[in-house]
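First comes the structure, then the notes that go with it.
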Amino acid sequence: MKYNQYAYVETSPEKATEELLAINFLPENYSSLSFSELLAVLTGNVLAEATTRQAKDAKLAEFAVDDQTDLAAFLLDTPTAITASQFANVALQLLGYHPNYDYSLTDPLTCGKKHALPAFKDLTSKEELIFTFYRLLNTRSKNGQILLDVMAGKGYFTQFWGEGKFMFFNGKSLPVFDTSQVIREVVYVQSDLDTDGDGKGDLLPVTVFRPVESQDQLKVPALYTASPYFGGIIDNVKTNHNVDENLTDATTWTNPKYVAKPLVKSPAPSDQDVPATELATGQSSYGLNEYLLARGFASVFSGAIGNRHGDGIRITGSPEETISQKEVIEWLTGDRVAYTDRTRRFETKASWCSGNVGMTGRSYLGTLQIAIATTGVKGLKTVVSEAAISSWYDYYREHGLVVAPSECQGEDMDKLAEVCQSNLWDGGNFTAKKAYEAEQAELLAAQDRATGQYSDFWESRNYRHHTDGIKCSWISVHGLNDWNVKPKNVYKIWQKVKQLPVKSHLFLHQGPHYNMNNLVSIDFTDLMNLWFVHELLEVENGAYEQWPKVMIQDNLEADEWHAESDWASDLGQASLYLPTADGDLSTVENGTGQLTFTDLGGTEFKKAGISETDWEYQFISGEEKWAKASLRFESEEFLHPTTLVGRPKVRVRVAANKTVGQLSVALVDLGTRQRLTATPKIFARGNQPFGYRFGADSLQEFVPDKATKAKLITKAHMNLQNYQDMKQPSKLEAGQFVDLEFELQPTYYTLPAGAKLGLIIYSTDQGMTKRPLETEDYTVDLAGTALLLYRK
């Protein structure tokens, strides 16, 4: 598998020498050393676990130069050069590869090519040797990290602890901060919101992890993770809403309104600055933050309103949620008051903060980055938003239907608010408990699970309407197989952000609701180090030009990443597919006639006692038990690999034998073959140290799995009663044909030669839609039905 490397910044030999000297890797007297002496010293310096020169020299005999000679013996002959094969053997061992197991000592160059390592060459001068070691320190090792990070995990940079300054290597920040003395503290930011109705601004607990060096004169930037889960998670999955119920006439919709909570203006910060008096007991929940904390970036967490030890109530997705999370940044930049404790007597400032703030986090944590960025708050320089919701309607609803996130059937805005209302665990907070109970009733009514329609309530929770306020640079990360936060969320915000006068990037990986910072196939953590150094430390390191605007992981070969200028339907050419009465999906033949299927609701699924995931695979694979409740059409085999891009569109002319109905459409890759695992395989657990004795991550990647019959590419759902307007329902008569036109979730998917494309038209999606208790007949008029794809 290829260890692709995008974060290496091309560097001149002169600059490389300066950087090697600065980190004490290249000795000051290097010019007086012979080639063999320099080779011994530089190799030994990689071995950070050996703390004396004698210990380092003693370990050289552990490394083979070829299948007959160890490095110590090789150096006894005082060589003045080393061949590409000899150096490759030493380098591969330094990078963590095992000779005779991972590669052959007689052919190390093949191993280097296999893993996409920089090419090895004959070295005949000290200058070449020095620069080659510079490149080696910046090369990804077997554990996925660059060799310099492996050395850091062994203690190399402890020699710089206490110096109180940032150090850089190849444009990235180095772990020179004393992680054994990280300051861990809690402060209480006062909000302008009074969501619990006690007449006082809500106090928002904020947890700070920062380098001890920031206690003196050093100002450090902050990485802020807005995490509603930080105070704890209330497990309420057993009380999720019932989805085994019949559909409701959507014309009962009343357009529920958003109602703002009262404001209580907080006092302006005074000159008082008392050190924090509460120690943090919470732990960082995000590995990238820990990695960068060792490199000088403070890590800040807050769940804001409704979180443990604080005031207020959770109001999922609301403007109040955005305001409260934004107020933490206002404290970091000196524009908002915070106190040492809940008595509100002593103010404390983020005097350690440089005023430059970046944001990190996945899912809800990524969502709040979007929300805060739209406010244009001062000090927020960049966001790295992973698997983020850009419209809460698109998370819990779709085209007039209640549609759950994957594996979250029955969850909704009220239930998520309860999950995050961790101050309910503070037994004495009776004010919050009373306000929470009232808010739960309001959320239940306003979210309108009966009709699933768009409303003012949902409009207030659509961040895409406020993108003009974004002033910070932008990175979005999303899984193309994320059926929790469906890809429409990132696709639609990307169409807005890419047009703004800010630097923006997009990463699309093959995962579900997952992080990508520790994949074999891409050096994402190094890219983020480079990015945050540029954005928060204001170092010109070429980060803006270092990698393509859009990077997309291939679904056939996980170690292939596609560089694109954009992610949109117009990357491809439009192709029209027409379903026919004999089950074909044709590009030439118009379908005629009508086909009918009977939806069984959730009755058979309940009897089967299988998981929603198992149902989906059996369904798309065509098992008769489930396939009979659908219409299925297959294309001819593709003669050449074909990539589908952007958002497919469907037009379906359909009639139901009831006055309500829901229609689902899925595109499926058909053909028995190996496909990538649904989640990455862990190659080595805990093998990527964040710093010296400071936690670790695990190397992982998608790999070929056992052969399967089919794979879901994309799908979508629609309420038949929205045939006239996606935002307003209409009456539906039994037997009335209506024309539904809607887009499926966006994709970037390659069908290999020999594969077939399947179109499935059905109704109940057991994992996402409501599961009616009654059967319903759906008749599709093929003459009014078509699929529009965009193909590369």
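A Cβ is built for glycine as well, from the same backbone N, Cα and C atoms used for every other residue.
According to Swiss-Prot, the feature active site, charge relay system maps to Ser363, Asp482, His513, an assignment based on similarity to another entry.
Most other Cβ atoms within 10 A: among the active-site residues Ser363, Asp482, that distinction falls to Asp482. When the Cα atoms are compared, His513 (active site, charge relay system) and Asp482 (active site, charge relay system) turn out to be 5 Å apart. Of all Cβ atoms in the protein chains displayed, 20 besides its own lie within 10 Å of the Cβ of His513 (active site, charge relay system). Each residue contributes its Cα atom, and for Ser363 (active site, charge relay system) and Asp482 (active site, charge relay system) those atoms are 11 Å apart.
According to its DSSP assignment, Ser363 (active site, charge relay system) is coil. Classification of Asp482 (active site, charge relay system) by DSSP places it in coil, neither helical nor stranded.
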